[in-house]
Amino acid sequence: MNGKNGSTIEINIASITKTNIPGTIKRSGDVKVSCKGWISILWEFCKEDRNRVIFSLKVGLAVLLVSLLILVRAPYKEFGTSIIWSILTVAIMFEYTVGATFNRGLNRALGSLLAGVLAIVITQIALSSGTTAEPYIIGISIFIIGTVTSFMKLWPSLAPYEYGFRVVLFTYCLIVVSGYRMGNPIITSIDRLYSIAIGAIVAVLVNVLIFPIWAGEQLHKELVKSFNSVADSLEECVRKYLEDDGSNNPEFFKTVIDEFPDEPAYKKCRSTLNSSAKLESLAVSAKWEPPHGRFQHFFYPWSEYVKVGAVLRYCAYEVMALHGVLHSEIQAPFNLRLTFQTEIREATNQAAELVRCLGKNINEMTRSLNTDLIRCVHSSTERLQHAIDLHSYLLASSNDAPDNSAKLLPKLSRTFTPTLSELSEQLAELDTEASELKLSPAGQDTPVMIPVTPRVESYHEMTRKHSRRLHSWPSREVDAFEEEGGLETNSVTRMKALESTTTLSLGTFTSLIIEFVARLDHLVEAVDELSKMAKFKDEIL
């Protein structure tokens, strides 16, 4: 939005083509990825998390071990084709973390056991009813089992056991139907239960004994990383806001489409906002894990990690709002931002340091009051708020006063008025002089011809207008039109109103910082509650 050398304001919106949008899918014929490029992408993916490679190798090893029961002749003669269920069990049970494997394995074991017992009972009833009623009893039982299990897995409180109900359904159907044709359902059920147990044992042993990936450790690291991401994003946003004068900023539509590619901390903070489902999933899996590593006591409060993550996201929303102000189309003048530079930097650095300190306490599993740091954060924020209150006139509208007021202002006394009576007398004198300027001494409507002297612009006004031309939105070539009288009164008023909105951008930015500090109190309380329930050790001073 730029002011032009005319009586109108043009809004130039650059056209957005497909080539400007990153992530546009090209035709398959246009994509040329070399073998070296694929290897580089694969290497970066593995380097990002080496547990991905370990998990893949463990799954391959577990499947190989249960496949040997078929490849070797002796086990195959003992179990027959039922050993295929071992391979199926490993493929279904083996999860990324130990806790998720235990969770899936328990659902698998209980579901298979319940399905096997029901299959044996129903087949015995069907066999005792005769050959005529047998298929009808089996068909009705399949309908009832399918209906009940499908309904129960939709019940909210039973949602964690959804996989178990699914196992009951397909295991029961396969055992009953295959046993009906093979003629001996009891032996079929027992053989398949043995095969499922073998597959479950192999999956659990491989996952626990060979480079175990604990869900609790993953949850712990993920939460600590979120703390550092929020602190880094806060400091990066404030640094760019105070150092960038807007001359090198890309156009608005490009920053929206590119999602600020030059700000890596912004992407980390955005991933923190999307980590709710991941933290909850890891917490559910961690509850199934036995004591391990640094988490040695039973009934570890994993749910408190989810609560702390929720409060941290509550603070991250303010950081994302700060990024929105940073990349908004309407910006405060750069010199006005520098006026509060010291207070903003101090409050931001103290707040970011407190967030990092809380993350460090969780990472090291130590309990620290951090009273001195909290007091410093509050003090720096109070100084920022006091600076805003003290210089609030800078954030007000900068409309020029009318000409009559400019003539009357020099009449005011520069000394302090001690009493209200003297102030009333001065105002009465000003009103009398204003009426004499409008009417002639004879009381007629003919205005008095007063010689007009050229108005000498003060140094303060010249500096202010020059600054508005450089740093304000919209472009302040409008001041030249005001001086020449080239714009209508309504247009000038409108442009001045637009200018006054730019100063509100700084007020919004500082208020978001103050709100972020206010939300830190809730974060400190949540971390303190976690340290108590998890029995963190007291920090030795």
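Think of each number as a place in line: the chain as shown, counted from 1.
Here the Cβ of each residue, glycine as well, is placed from N, Cα and C on the backbone.
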Range annotated as transmembrane segment - as stated in TrEMBL, picked from 133-151, 304-322: 133-151
Stretch-level contact, the transmembrane segment (82-102) and the transmembrane segment (193-215), CB cutoff 8 A, at least 3 pairs: yes
Intrachain residues whose Cβ lies under 8 Å of the transmembrane segment (163-181), provided they are six or more past its termini: 104, 106-108, 110-112, 114-116, 118-119, 122-123, 126, 134-135, 138, 141-142, 145-146, 149-150, 152-153, 188-189, 192
Non-local residues, at least 6 beyond the ends, that sit with Cβ under 8 Å of the transmembrane segment (133-151): 118, 122-123, 125-127, 165-166, 168-169, 172-173, 176-177, 180
Spatial neighbours of the transmembrane segment (109-127) far in sequence, C-beta under 8 Å, 6+ residues away: 133-135, 137-138, 141, 145, 163-169, 171-172, 175-176, 179-180, 185-186, 189-190, 192-193, 196-197, 200
